[in-house]
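J.: In case it's useful when we look at the structure, here is the feature table from TrEMBL:
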type: ACT_SITE; residues: ASP151; note: active site, proton donor/acceptor
type: BINDING; residues: ASN8, GLU380; note: Mg(2+) binding site
type: BINDING; residues: LYS15, HIS209, LEU210, GLY211, ASN212, GLY213, ASP284, MET285, ARG286, GLY329, ILE330, GLY331, GLU332, ASN333; note: ATP binding site
type: BINDING; residues: ARG94; note: substrate binding site
type: SITE; residues: HIS182; note: site 'Transition state stabilizer'
type: SITE; residues: ARG242; note: site 'Transition state stabilizer'
Amino acid sequence: MKAVVSINSGSSSIKFSLFAILECGNLQLAAGGKIEKIGIAPALTARSVDGETLLEREWPGGASLSHADLLADLFAWGAEHPLEGREVIAIGHRVVHGGTEFAAPRLVDPELMDKLEALCPLAPLHQPHNLAAIRAIARLQPGLPQVACFDTAFHHDKPALASRFALPRALHDQGIRRYGFHGLSYEYIALRLAEIDPVLASGRVIAAHLGNGASLCAMENGQSVDTTMGFTALDGLMMGTRSGSLDPGVVLHLQTQMGMDPAEIEELLYRKSGLLGVSGLSSDMRTLAASASVQAEEAMALFAWRVCREIGALTSSLAGLDGIVFTAGIGENDAAMRSRICLRLAWLGLEIDELANAGDGPLISMPDSRVKAYVIPTDEERMIALHTLNIVEGNSV
Ligand code: ADP
């Protein structure tokens with residue numbers, strides 16, 4: 001049976017999923033895994049969809065092993081243990097930045113790689129690792145088609161005003177604009193919502209991707225109209241360790257008055273702020289929820305406040321609101337946080353059904369709530385696999 005693999009290669013981890021292509025053309029998750037702690041002490045695990053461990057490896061002294069080295073190991077294992085006869089026909093990758101040019105996934109070729117390489121300065125923490133995995137696999141399996149799926153693509157056609165900072169035009173023309181991210185997640189949510197509630201999907205919806213990284217996307221008829229992340233994945237909501245939107249004057253102050261250099265500021269804003277910074281305890285919502293600390297409570301309250309404030313802003317971008325969809329780690333699992341957010345949004349005409357919210361969903365608003373609320377699990381890996389299959393076999397997503 002044929003299969004496609006989706007890969008999400010980050011700075012310290014590579015996640016992979018194998019989807020079998022069924023005879024009807026649908027994709028079925030068969031196995032998945034990750035290589036973690038790259039650069040420290042890499043560890044690899046792969047499990048079948050039934051939870052059976054297929055592979056476990058650790059490299060305690062392997063701090064110098066690169067993404068390419070570790071992928072070579074994974075491929076060597078894959079060659080020795082063909083996954084129940086499945087033949088991988090293509091690999092899809094999450095690529096964070098498609099710049100101003102790419103509004104849809106693309107088959108990888110050298111020309112595309114040059115263009116994506118040129119975008120690395122726009123996403124220095126992510127793009128180089130995404131491309132490293134593509135290059136490594138091109139060396140290991142030169143004939144295997146690879147597809148780049150962009151996190152920015154879903155937002156590519158949002159209105160021009162939602163893409164512009166109030167900066168001199170020349171900077172906009174040099175690419176300093178609001179791109180938006182988490183696009184593969186939002187695209188999947190738009191597809192699923194169209195199946196679950198087609199009437200709502202054709203209306204004005206805010207999708208809330210609340211994980212370690214968090215953003216909102218305002219969608220009208222399944223298309224992105226506005227989003228909280230902008231030039232980088234630092235913008236918008238408060239996140240696990242990222243600050244979200246900040247008065248840019250704070251950054252100037254840190255630099256000029258407090259003597260912090262760019263690397264220190266990057267460390268502060270990306271890794272020491274957000275839930276972790278405010279709570280002084282953890283970036284993990286479960287740890288905060290289990291804590292009696294006043295600071296942990298303040299961090300959770302601020303998280304909900306920021307989400308609601310941005311929902312207010314995006315409601316204005318949409319000129320009204322018909323529904324909200326919660327997704328990702330916090331959005332899918334944290335009923336208390338969903339409740340906090342929905343209660344604060346009562347003024348919008350959202351009435352949460354607390355029983356449904358504590359249950360399995362997907363609808364968590366009262367039957368006569370003017371604004372509906374849903375919980376829909378996201379699946380970026382499946383979206384990547386769908387695009388990959390679409391490109392190599394001409395199916396439509
Ligand atoms: P990433 O952006 O790394 O993919 P996830 O989407 O996995 O992140 O979300 C991670 C966040 O989800 C963490 O803050 C974690 O505490 C939270 N989370 C996961 N499961 C639960 C749960 N059952 N209850 C509350 N929060 C949860």
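The backbone N, Cα and C atoms fix where each Cβ goes, glycine too.
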J.: At the level of the C-alpha atoms, what whole-angstrom distance separates LEU210 (ATP binding site) and ARG94 (substrate binding site)?
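T.: It is 18 Å, counting Cα to Cα.
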J.: For GLU380 (Mg(2+) binding site), just count the other CB atoms lying within 10 A of its CB, please.
T.: 23
J.: What three-state secondary structure does DSSP assign to ASP284 (ATP binding site)?
T.: coil
J.: When you look at LYS15, HIS209, LEU210, GLY211, ASN212, GLY213, ASP284, MET285, ARG286, GLY329, ILE330, GLY331, GLU332, ASN333, which the record names as binding ATP, what is the longest CA to CA distance in angstrom?
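T.: Spelled out: the longest distance between any two Cα atoms in LYS15, HIS209, LEU210, GLY211, ASN212, GLY213, ASP284, MET285, ARG286, GLY329, ILE330, GLY331, GLU332, ASN333 is 22 Å.
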J.: List those of the binding-site residues ASN8, ARG94, LEU210, GLU380 whose Cβ lies under 6 Å from any atom of ligand 1, in sequence order, or write none if there are none.
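T.: Near the molecule: none at all.
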J.: Give the distance between the Cα atoms of ARG242 (site 'Transition state stabilizer') and the residue listed as 'active site, proton donor/acceptor', rounded to the nearest whole Å.
T.: 18
J.: Below 8 Å Cβ to Cβ and six or more residues apart, same chain only. Which residues does that give for GLU332 (ATP binding site)?
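T.: Listed in sequence order, they are PHE326, VAL375, PRO377, THR378.
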J.: Just to verify: the residue among ASP151, ASP284 with the fewest other Cβ atoms within 10 Å, which of the recorded positions is it?
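T.: Least crowded of the recorded positions ASP151, ASP284, by Cβ count within 10 Å, is ASP284.
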